[in-house]
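Chemist: Take a look at the following structure, please.
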Amino acid sequence: MPAQTPAPAGRGITVPDLVSHARILGLGGYRPRRVITNEEICTWIDSTDEWIRTRSGITERRWAGSDETLAFMSVQAASAALADAGVDAADIGCVILATVSHLEQTPALAPQIAHQLGAVNAAAFDLSAGCAGFCHGVALGRDMIHSGSARYVLVIGAERLTDLIDKNDRATAFIPGDGAGAVVIGPSEQPGIGPVVWGADGSQAGVISQTRDWKSFADDPSGPRPIWQMSGQQVFRWASYEMVPVAQRALQAAGITVDDLDAFIPHQANLRIIDAMVRALKLPADVPVARDIAEAGNTSAASVPLAMERMRRDGQAPSGGTALLIGFGAGLSYAAQVVTLP
Ligand SMILES: CC(C)(COP(=O)(O)OP(=O)(O)OC[C@H]1O[C@@H](n2cnc3c(N)ncnc32)[C@H](O)[C@@H]1OP(=O)(O)O)[C@@H](O)C(=O)NCCC(=O)NCCS
């Protein structure tokens with residue numbers, strides 16, 4: 001039985017102090033079938049393969065077909081994560097879908113995903129924290145296991161960002177990719193997920209945003225529909241410099257240093273941002289760094305679990321190893337934590 005915080009004299013609520021430690025038990029991903037090379041992108045925008053590679057590190061990305069809906073990709077990734085964890089969908093207590101590309105205001109998509117998976121005993125909700133959404137979900141899942149709100153939590157990061165872009169806009173069209181990644185978080189004898197370091201800066205809301213809101217479009221549909229826009233250089237500076245202390249605080253919160261890491265898995269926004277963070281963190285040269293962006297583009301909330309999935313598949317990051325995760329993006333929002341890899 002877990003330790004109990006005693007109720008105060010008289011009537012009060014009794015809560016367990018810590019039901020269980022938590023860790024990631026299983027991992028899965030789904031990548032759309034269609035590969036879009038830089039050459040193909042350059043048939044729509046005035047650019048070159050070399051410019052795109054040099055500025056972003058992207059060589060190709062996957063774009064979802066009409067049958068590869070957000071729900072479909074999420075269910076594929078989640079099914080793989082459940083199988084990997086050996087956990088029954090009916091035992092999941094909460095399904096969290098991190099996304100910014102579910103295009104219906106209501107209802108949320110997570111309940112439909114839970115239904116399709118057979119997660120009949122789960123609470124389910126969507127979480128909007130841009131490219132930091134997955135790391136927010138991991139933080140919530142950990143705390144739910146700690147507190148006993150759920151025994152197993154499914155965290156999915158999934159995006160169809162290509163529904164949100166103008167593919168002829170050369171400032172953004174080469175960046176996004178689609179896909180889904182998922183993890184199952186559950187009880188553990190040892191701590192397997194460190195404390196989250198997270199935050200937001202709404203004063204920079206306009207740095208990654210939509211060109212207009214859906215209401216203004218409904219009121220006046222004669223203009224172009226809302227699309228994704230960003231101030232690339234501002235995002236670049238913020239991510240390259242301000243996310244480093246966040247990552248350092250996450251290491252500190254977990255009681256480790258960069259020398260203890262077996263992998264660094266940052267959000268896949270831009271290879272130059274990743275390399276700048278690696279240098280500023282003084283990451284030892286033998287620590288593998290996720291560079292899934294080269295073949296996946298920026299998949300926003302899906303990027304960290306997809307990068308984790310590739311590193312494990314390629315044998316770059318050992319199961320049971322220690323990894324630093326950090327997500328950052330629209331909001332502006334960020335979240336970082338240290339995890340034991342599944
Ligand atoms: C988007 C990004 C790759 C652009 O790179 P950059 O070096 O900042 O490029 P700039 O926007 O300053 O543009 C530099 C020049 O390239 C041109 N350019 C812009 N897009 C281009 C393209 N697709 N192909 C060729 N040239 C392009 C510009 O017009 C500009 O030309 P000029 O110097 O003659 O005016 C970069 O800012 C970035 O990656 N930012 C972060 C993006 C990000 O992480 N977003 C997601 C956050 S989660």
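Keep in mind that glycine also has a Cβ here, set from the backbone N, Cα and C atoms.
Curation does not apply to TrEMBL; its annotations are automatic.
From a predicted model like this one, the values you see are computed outputs, not experimental measurements.
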Chemist: Which of these ranges is annotated region 'ACP-binding' in TrEMBL: 13-17, 143-147, 148-152, 268-272?
Modeler: 268-272
Chemist: Against which stretches of its own chain does the region 'ACP-binding' (268-272) lie, if we need a Cβ under 8 Å and a gap of at least six residues from its ends?
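Modeler: Same-chain contacts beyond the flanks: 55-58, 131, 235-236, 239-240, 290-294, 296-299, 303-304, 306-307, 328-329.
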Chemist: Name, in the order they occur in the sequence, the residues of the same chain whose CB lies under 8 A from the CB of His267 (active site) and which sit 6 or more residues away.
Modeler: Cys131, Ala132, Ser303, Val304, Ile326, Gly327, Phe328, Gly329
Chemist: Could you please provide the mean pLDDT value for the domain 'Beta-ketoacyl-[acyl-carrier-protein] synthase III C-terminal' (251-340)?
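Modeler: Here the predicted model's pLDDT, averaged over the domain 'Beta-ketoacyl-[acyl-carrier-protein] synthase III C-terminal' (251-340), is 97.
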Chemist: If we count other C-beta atoms within 10 Å, could you say which of the active-site residues Cys131, Asn298 has the fewest?
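Modeler: Result for the active-site residues Cys131, Asn298: minimum number of other Cβ atoms within 10 Å at Asn298.
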